[in-house]
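**Q** Just lifted these from TrEMBL, have a look:
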BINDING   A:Cys185, A:Cys192, A:Cys195, A:Cys201  [4Fe-4S] cluster binding site
DOMAIN    A:36-183  domain 'HhH-GPD'
Amino acid sequence: MTKAMRVVRSLETVYPDARCELNFESAYELLIATMLSAQSTDKRVNIVTKELFKEYNTAEKMVTLSEQELIEWIRTIGFFNTKAKHILQTSHILLQKYDGQVPKSREELVTLPGVGRKTANVVLSNAFQIPAFAVDTHVGRVSRRLGLTKSEDPNVVEKDVTSKLPKYLYSKAHHLMIFHGRRCCKAQRPLCDECVVLQECSYYKESQKSKNKKVRRKDSK
DNA sequence: AACTCGGGGCA
DNA sequence: TGCCCAGAGTT
C-alpha cells in the first residue's frame, strides 16, 4: 500500500460524497461546463448551464448561436469573451471532424480550442470512465504538501501521483484532493487541526520544525 | 516561465 | 478595496 493509497483511504472517510460537482447529462455538456469552469466556480457554472443546456445541449445546436449571443448567456462567468469563442470553435470542430461527438482520447481532446490538460482529463474520467488524474491548483497544492511530488508543473505532478496509484483510484483521488484542498488544505490558513492526513503531511512537519521562523510561503500564494 | 484574460463572491 | 475562483493560450 503506497502513501498515495493511504491518503485516498483516509480522505475517503471524511469526504464520502466527493465527486464532480458540475451538472451534466452528456459528454458534450460536461465538456462545455468544464471549459466554463476554468478560473470560476462550479456553482456559478451550474446556474448558467442549467438554462443554456435546455436549448443548446449539442454541438449542432450550439453553433446556431452567434458569438455575441453566447457571450450574453455566459456573461456572469469570468473570461466570457475567450470562452465563448473557444466553445463555438470547438463545437464546429466536433461537427466537422468527430460527427458532433466528443472524442475519447486525451490527444484529440487537447487539440480543441480552449481544452487543456485539465479539462481533457475531467471529461475522460467523468464522462467516459477512462482513468485520468486531473491536476488543478488544489490537487497540485495538496499533492505537494503531502510530499507526493515536489514539482510545480502539473504534468509532472500528474506523473508523480499516478505512478503511486492504481488506475481505478485516479478519478477518486482527484475529487478527494479537490474537496480536501477547498475545505481543509486551503492555500491560506490551512485547517491543519482538522486534517485527517496530518501524519502523511510533509508541509505540516516543515511548519512545525520552523514554527518560530517564517512559515514557508511557497504553496500559500 | 511569465504574462493575459475577467466578472462575481466574499471578508 | 483586495483577493480568490475545478485554466488555457500566447510570447
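The backbone N, Cα and C atoms fix where each Cβ goes, glycine too.
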**Q** Could you tally the C-beta atoms, other than its own, that fall within 10 angstroms of the C-beta of A:Cys201 ([4Fe-4S] cluster binding site)?
**A** 20
**Q** What residue among the binding-site residues A:Cys185, A:Cys192, A:Cys195 has the most other CB atoms lying within 10 A of its CB?
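**A** Of the binding-site residues A:Cys185, A:Cys192, A:Cys195, the highest Cβ count within 10 Å belongs to A:Cys185.
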**Q** On the 0 to 100 scale, where does the mean pLDDT of the domain 'HhH-GPD' (A:36-183) fall?
**A** 96
**Q** Taking the center of the Cβ atoms of A:Cys185, A:Cys192, A:Cys195, A:Cys201 at the recorded [4Fe-4S] cluster site, which other residues in this chain have a Cβ no more than 8 Å from that point?
**A** A:Arg145, A:Cys184, A:Pro190, A:Leu191, A:Val197, A:Leu198, A:Tyr203, A:Tyr204
